[in-house]
Amino acid sequence: MSSIDLPVPVQRFDRPIVLVGLMGVGKTTVGRRLARRLGWPFRDADHEIEASAGRSVSEIFADFGETAFRDGERKVIARLLETGEPMVLALGGGAFVSEETREVVKANALSVWLRADLDTLMERVSRRNTRPLLKTENPRAVMERLMQERAAFYSEADLAVDTGDGSHGRTVIAIIDALAHHLTQETSS
Ligand SMILES: Nc1ncnc2c1ncn2[C@@H]1O[C@H](COP(=O)(O)OP(=O)(O)OP(=O)(O)O)[C@@H](O)[C@H]1O
Ligand SMILES: O=C(O)C1=C[C@@H](O)[C@@H](O)[C@H](O)C1
Ligand SMILES: [Mg+2]
């Protein structure tokens, strides 16, 4: 499929698209596919921090602490979005909690909150043991708490898309449909 098959408002859209949401919801894997579908570059805030620190996210948490990770996260996201280049950018799960990051995203990009229920999230995060916040006795309780604490921040995103229990491909289509709808409403208002 080429970009010509995309809805016209989406073909014309040229601002960065930022994916937000909880760990395991699909920001990285869906974001990469969405970028491919749009013919745009894909960036992932976690991967950018890892590349600049020369360490994994878990190692950064262990060696420098969460506060240092959050500082680096804010800087990386601001630097990526300052360029104004069209890209799909997957944020780390906690990045949108920062007011500074929410402001940078609002000024430079369109944001999409990817959602899933607790059971789906726990099933998805169980596939890889790379998330320092979930290396605890009761990761489900941590996820449930983060879900409650962060909902108000995520709800500031421009769009919300349920990832359901379907495939990555279906989520990409749902994002493109929601974007087309949003852009059509924006131009008619
Ligand atoms: N829509 C989907 N349907 C089915 N499986 C999915 C879907 N989205 C993501 N997954 C799977 O869930 C797992 C977690 O996805 P991913 O790593 O993209 O999450 P993330 O939001 O980037 O998490 P983190 O915030 O920890 O980086 C992966 O195994 C991925 O293949
Ligand atoms: O939800 C979070 O706070 C996190 C999500 C991941 O993407 C990483 O940024 C890190 O593991 C922290
Ligand atoms: Mg990710």
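Residue positions begin at 1 at the first shown residue.
Backbone N, Cα and C define each Cβ position, glycine as well.
The ATP site in TrEMBL is built from Gly24, Val25, Gly26, Lys27, Thr28, Thr29 plus one of Arg102, Arg131, Arg140, Arg145, namely Arg131. Between the CA atoms of Val25 (ATP binding site) and Asp46 (substrate binding site) there is a gap of 14 Å, rounded to the nearest whole number.
Residue density at Gly93 (substrate binding site): 24 other Cβ atoms are found within 10 A of its Cβ, drawing on all protein chains shown.
The two recorded residues, Arg150 (substrate binding site) and Gly24 (ATP binding site), have Cα atoms 14 Å apart.
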